[in-house]
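TrEMBL annotations:
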type: TRANSMEM; residues: 12-32; note: transmembrane segment
type: TRANSMEM; residues: 69-88; note: transmembrane segment
type: DOMAIN; residues: 99-164; note: domain 'J'
type: TRANSMEM; residues: 188-213; note: transmembrane segment
type: REGION; residues: 622-671; note: region 'Disordered'
type: COMPBIAS; residues: 626-659; note: compositional bias 'Acidic residues'
type: COMPBIAS; residues: 660-671; note: compositional bias 'Basic and acidic residues'
Amino acid sequence: MAASEEMSSLFPIFILSVLGLFVVPWTIYRLGRAARRQGRNLHCHCSLCAKSPKYQVSLWRKLGRFSTCSNITLVFLWILMIFLVYYIKLSARESQPFEPFSILGLEPNASDSEIKKAYRRLSVQYHPDKNPDPEANAYFVDYISKAYQALTDPVARENFAKWGHPDGRQGLKMGIALPWFLLNINGATGGIILLGLVGFGILLPLLIAVVYLSRSSKYTGNYIMHQTLSSYYYLMKPSLAPSKVMDVLIRAAEFVEIPVRRSDEEPLQKLFVVVRSELNLDPKNLKQEQAKFWKQHPALVKTELLLLAHLTRSSADVPAGLASDFARIIQLTPRLLEELMKMALAARSANGHGWLRPALGVMDLSQSFFQAVTLNSRKGSDRASLMEGSAAFMQLPHFDDSVHKKLTRKKVRTLQEFRDLKMDERKELLSTLAGFSQGQIVDVEEVLDMIPTVTIDVTCGTEGEEFVQEGDAVTMRAWISVKRGNGLTAAYAHTPYYSNVKEEGFWVLLGDASANSVWVHKRITFMDEAAAISSASKAAQESLEGKGAEESEVKKAVSEAVKRVKEGSRLVTGMFEAPEEGTYNLTAFCLSDCWLACDKKVSVKLRVSKKVRPAVATKALSAAVDEADEDGVEDEEEIDEEVVEDESGSEYSEDEEDTKGEMNGEDSKHK
């Protein structure tokens, strides 16, 4: 028993070592992350955002931010480690090495008479004849007697001087870092411990595996249901009208699973009256249109009405009984919009091209969702100039349709024209024309300083070749630059009607508008500067090394790339296979997922010559295409492609007016 207790004393040291291996790095990571967040003030400071709960830092909010499961677990582990350190230190005090002079209370150079005198004094105190206490008896036999013997008996003293113990050399002791109850297994206790080990070591991992597999069979890695991806893939059509994107979005399985209670009928009827103007019902057949709307799946009706309540900024009109469902829908929508965008860009042709028109429609809905503006307010937008008309003004604080109409009378028709005015001119317009107070004007200027100005510089070519020929792996390099009035590069978007903090995202597309195809696509953010520097440096180095450039040229190109990133630019690269011989008028888009009137597009002319040499970098292209396919659609192989190929006659196809408005202004491809 004593031996097992001595070995089990190593168990706390073992546990402390294991905990320290991941608690200390985890703490350093959390502290560094908190320091970075504290040092960055990237959100808007207008009065609307200041009142928003997502930016308010009250005492309870601070406690709420700290009282996360991760932080509480970390604090608990540190408390456990401190307790283990104290316990180990206390155990070390109890197991002091054998020191005879210290036991007798003497100095190391004490004489024989002093040793005998001290022994007699301690014998009176601890001898069994003088003190009946069993602990005193044990202390006298194990310590006092052996200490006196080690200092008086010649053999014992020689053993102590040579081996550190009066009994001579002690054997090497090996310990096992396990608690004592695992070292003394017998009887019923052993059976219980064995069952516990089996349960913890076998059944618990098996249970976790079953839960994981059952969840993974239902959800993708992005926590999107497989059924949702199948629905989106089937409903996504090349001619999907922007006004029909909402109808596809609400058919997510996550929305269908939201329960519809009998008590929801009356609140939904009231909400229908509030948002009816946004349902685009035919006024000539209003009753039939309303009846058709209510005949849909109840979950679809509920989801669409709650989404329209958000787009019309009527969240205050949402009844209390629907508040939890409303919050759930707002929480799910950003993730679903991103997956819907990936479905629009998924490879649908032999060349691996996606569809441009549906992708632009998804971005329109994404911008409208985060800024809480209606889709009907964007009907007057001009995609050719990428200006959003009245909808773009609605993202400015204190603006409404009446203010926009007053500005229009003063020949200020677009947000860009409003931004181009001098600050004094804007102040005069807002104060005299719209009746804004000084505080409201400050709010407008604050948001204008947050809105990014995007520029895009795109080049396409074959690495190491002067011209592009059929079958080459063409590399697209696009430098995306962002400038703001407040000097920030990365920022959180001004989204006062969205309940969470929104990190800006941009989709970079290279496509052929006349063919409704997307050749290259990639989503970027401006938050992680270190990753952007690494990516740009690697791309510049590989590009020049492939051309056989000298080391000095490579270093210069890398330093220039790093400088551009630090100044607010990001490098986006992509590869595609050169088509057949001809001249292609492509368009490069940089689309914001949350800002209106910030999108940018440039024309890119690609000349492809006839094949006169072996194709370049075919393997690199195939690898890039495979990676893009994996990133875009994870479960494409599970979808019935024979059904998807039927792209005609969909209820979500564009109408004649949408076709004319979208396709007439685009350049044609010339071969």
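Cβ from N, Cα, C; glycine included.
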Are there residues at least 6 beyond the ends of the transmembrane segment (69-88) whose Cβ is under 8 Å from a Cβ of it, and what are they?
12-13, 15-16, 19-20, 23, 26-27, 30
For the domain 'J' (99-164), what's the model's average pLDDT?
77
Please work out the helix, strand and coil residue numbers for the domain 'J' (99-164) from the DSSP assignment.
49 helix, 0 strand, 17 coil
